[in-house]
């Protein structure tokens, strides 16, 4: 199906273009400005070239944050994708029970992110939280405020709680598109459960799974609010991910130059990933 | 059909029950706390409130500095949803029906905005909206959230629109419909569910976002989520009220999910299943 060429379609796109230009290009230019200039205050700027970029790329602190960020995203993907597929395979296909599951599963996705943080901050507290208190009763020494490993576990369990449903819902949508005839054919051939999964369900889920992997990767790469509320980036810097570090630098210390350079590098990394996402998805559509 | 139903045995039910339990436990704990007094929360540890009280909810619903947070949040969320859908509809139509100069690049550029970390934009947004005198207004937050909601709306709507055969457009034009009349009278009803899903997602992402909405407001347009963080740090440990405020932020989401429950999954796949 070839679409007709019509350059007047630009008029239809114009409102979006103006709006997004206003809310994306203008601010981004400010960031570019800051990234190549230095200031002694009083609105006096002078050219700093690529100094800030060098400083950022050589900074141990940012390298450490990047390392933590990559580790975090990797763990998130390793847990949420298989778990999401597993849940989707066990979801009821239709009927009131299916609607019930869908609504309950979507619920964590609609809770404001800092409330998600608050819920888990309370839930994990040793004195008043169900999780923390139960673990203490069981004799497990758990304290996410002082122990880096416990803080990591809390943040990861929180993210699994928050976002696994997204993966499951996507896979569920993919599974719904498989005609029942496929399953009947597999039954006649006496295919094992694993083979049904490997040769019928997995190929049909490929497209949505790709969206799930990339969405989860990008969103976990940008995570800010939830760990910030739970741990504040601590103990020490143990859960200071890239966005937390960036906000600390820009708003807390007002180091505009390095923060801007950091922003641009951060944004370029995401841009690269988006490009892969886009290329693969448009290929999928053909 | 029977074969499918059979293959999902008792094991599946147990797994689903366990998973849903895992999802609901922390929320239950919040509900539990919201129905207790502070003394009870900090005193004896109990799995359910011994003397359920609605005092925490009363505190919030009678104090303007609390409930205005909800009004502010809902105001900018609704404004954002209206703006996003209005500008996204014609653009999505253009992308789904025509090829034009630079269309692919434009589409990709829109997508990159959905992927932009909010932390990168927080400070520039603050300066931009301060300089044009929109700081601490609802419209500033609504416009800022367009950054990620407009691209999302365009993507979802484009997915749904591509599912409508182009013959319908051509027939309508032959019948003498002008473009605006065709679009509003014929095309929009056809993709009504798509519009609903796109609106749902705009609502959702604007509702859950905090970093930008907190940066762009101070008093008059302060969102409920930000009100929560401030009050906690100022008054020390008012856990009951905090929990009640949290519970109240969950309700709007729960209500809108119910209306789009059959389309949620398709929407998350950006209309492309």
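Each Cβ is built from the backbone N, Cα and C atoms, and glycine gets one as well.
The annotation transmembrane segment is assigned in TrEMBL to B:12-31 (among others). Same-chain neighbours of the transmembrane segment (B:12-31): 243, 246-247, 250, counting only residues six or more beyond its ends whose CB sits under 8 Å from a CB of the stretch.
Look at TrEMBL and you will find B:70-260 tagged as domain 'ABC transmembrane type-1'.
Residues or ranges marked as transmembrane segment in TrEMBL: B:74-95 (among others).
Taken from TrEMBL, the feature transmembrane segment covers B:107-126 (among others).
Taken from TrEMBL, the feature transmembrane segment applies to B:138-161 (among others). Packing against the transmembrane segment (B:138-161) from elsewhere in the chain are residues 72, 75-77, 79-81, 83-85, 87-89, 91-93, 95-97, 110-111, 113-114, 116, 118, 121, 125, 129, 187, 191, 193-195, 197-198, 201-202, 205-206, 209, 212-213, 216-217, 221, 223, 267, 269-272: each is 6 or more residues past its ends and has a CB under 8 Å from a CB in it.
According to TrEMBL, the feature transmembrane segment maps to B:182-208 (among others).
Per TrEMBL, the feature transmembrane segment maps to B:239-260 (among others).
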- Item | Cβ contacts under 8 Å made by the transmembrane segment (B:74-95) with residues that lie 6+ beyond its boundaries | 103, 107, 138-139, 141-143, 145-146, 149-150, 152-154, 157-158, 161, 183, 187-188, 195, 198-199, 202-203, 206-207, 213, 221, 223, 252
